[in-house]
Amino acid sequence: MDRFILSLDEGTTSARAIIFDRESNVLGVGQYEFPQHYPRPGWVEHDPNEIWEAQFRAIKTAIERAKIEPTQIAAIGVTNQRETTIVWDKSGKPLHNAIVWQCRRTAEMVEEIKREYSEVIKEKTGLVPDAYFSASKLKWLLDNVPGLREKAEKGEVLFGTVDTFLIYRLTGEHVTDYSNASRTMLFNIKKLEWDDELLEIFGVPEGVLPEVKESSEIYGYTKKELLGAEIPVSGDAGDQQAALFGQAAFETGMVKATYGTGNFILANTGKTVRYSDNLLTTVAWGLNGKVSYALEGSVFITGAAVQWLRDGIKIIKSAPETEELARKLQSNEGVYFVPAFVGLGAPYWDQFARGLIIGITRGTGREHLARATLEAIAYLTRDVVEEMERLVGIKELRVDGGATANDFLMQFQADILNRRVVRPVVKETTALGAAYLAGLAVDYWEGLEEIKSLWKAEKVFGPVMDEETRRKLYRGWKEAVKRAMGWAKVVDA
């Protein structure tokens, strides 16, 4: 009987399930969107039940489309939007909406904590104190949901990022992996354990926390009533770490960029924990008793800016239209768009930056905004890569995610970076990374060498822009960013 791997890829706006075979081919996909909820300006939530329903529906659809039986699934891997914070009881019932990574409700709280504990947090977690991470979200829930702290003290509350919630619903086990734990701001990435001092700073009782395991081991088995089979759930990694693994970026200095709702650039630093003032240090994965680390630059809004063109100001009907519009111009004609809708992430870390379009004239049209949006994605990526280059040598950028289908963007990215940009044959690298981690745990694949041999380039974009143009464009971008920074403080003063 042929055996396959099921990968669950739970994102910020949709839940996907993908069936892979041994050669990394995609046999079946299920994908369902779920809504985001915005109870106040700057607040972003999900209903955890809507996440679960979309994910479970996606699982059933993927199995059906792959024309296989659940008994043919050798293992399940889970990958997820990170930092998003959920609390639930032991029956699996959510006790509040999930607070999404994009949510800014704890920005002021974090500013206070940052003043006193910034260095401690950076040293232990590799993270820059920001409302983006789970710790402040969990503190907010414990402090603001009536009765939650009391229940937590009694051991009646379970906390987790989305991977933990899904694994709990699938297996009844309360676990996470090193990569997801490293994004909570409560986990010591050197000792590989929850940190007592950090728990005290954020007022988190240890009893709510999941057990932390490697990224590739059996965490539990699916409850038989769900799929009619007890399938090992044996891979778990945050979406960006999973993409790094799916890109076969196993060696120090290998870099990938995922173009999704936001852009996330990771550089493998091997067994070395490297620190940068403006980048995050994170656990890439734990595998076979060894831990690999990474430098990460998180850009909060990139693909979401294209969604805004479509759904917010309605100047495009679909994302691919941006390429056609951008190509109508020979240059950006001085128009820049800084999509700082929820502040700016790496390397700026300005919670109070806001979106800005500059350089508009009477002749500015849809094509200028479309081009400026695509160029902004590339500029924001360069901002991060430049920071990384101070610590690790970078020869090329391996790319994945929806926006990599846009050849205009990929060529502009190569031009503005002055580096090769490589798009792989299998675009589903995030889901594939989770599948690889799950498969390795049950000996479906033999090891990293076999996985490396499966990775193939589909297209390589080489830089063709002259140095003077590159320098001029990037200088304009930096000026635009300066004007966007701190804007929320100006208007709130």
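Cβ coordinates are placed from backbone N, Cα and C, and glycine is handled just like the others.
These come from Swiss-Prot:
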type    : residues                                            : note
BINDING : THR12, ARG82, GLU83, TYR132, ASP239                 : sn-glycerol 3-phosphate binding site
BINDING : THR12, ARG16, THR261, GLY303, GLY402, ASN406        : ADP binding site
BINDING : THR12, THR13, SER14, THR261, GLY303, GLN307, GLY402 : ATP binding site
BINDING : ARG82, GLU83, TYR132, ASP239, GLN240                : glycerol binding site
Cβ neighbour count within 10 Å, max among the binding-site residues THR12, GLN240, ASN406, goes to GLN240
Given the binding-site residues ARG16, ARG82, which one has the fewest other C-beta atoms within 10 angstroms of its C-beta? ARG16
Longest CA-CA distance among THR12, THR13, SER14, THR261, GLY303, GLN307, GLY402, per record bound to ATP, angstrom: 14
Out of THR13, SER14, THR261, GLN307, which has the highest number of nearby Cβ atoms, where nearby means within 10 Å of its Cβ, if these are the binding-site residues? THR261
Is any of the binding-site residues THR12, ARG82, GLU83 within 10 Å of GLN240 (glycerol binding site) (Cα-Cα), and if so, which, in sequence order? ARG82
May I ask which residues of the same chain, at least 6 positions away in sequence, place their Cβ under 8 angstroms from the Cβ of GLY402 (ADP binding site)? TYR259, GLY260, GLY303, ALA319
Counting only residues 6+ apart in the same chain, whose Cβ is under 8 Å from the Cβ of GLU83 (sn-glycerol 3-phosphate binding site)? TRP101, TYR132, PHE133, SER134, LYS137, THR161, ARG183, THR184
Using C-alpha atoms only, work out the spacing between ARG16 (ADP binding site) and ARG82 (sn-glycerol 3-phosphate binding site) and round it to an integer in Å. 15
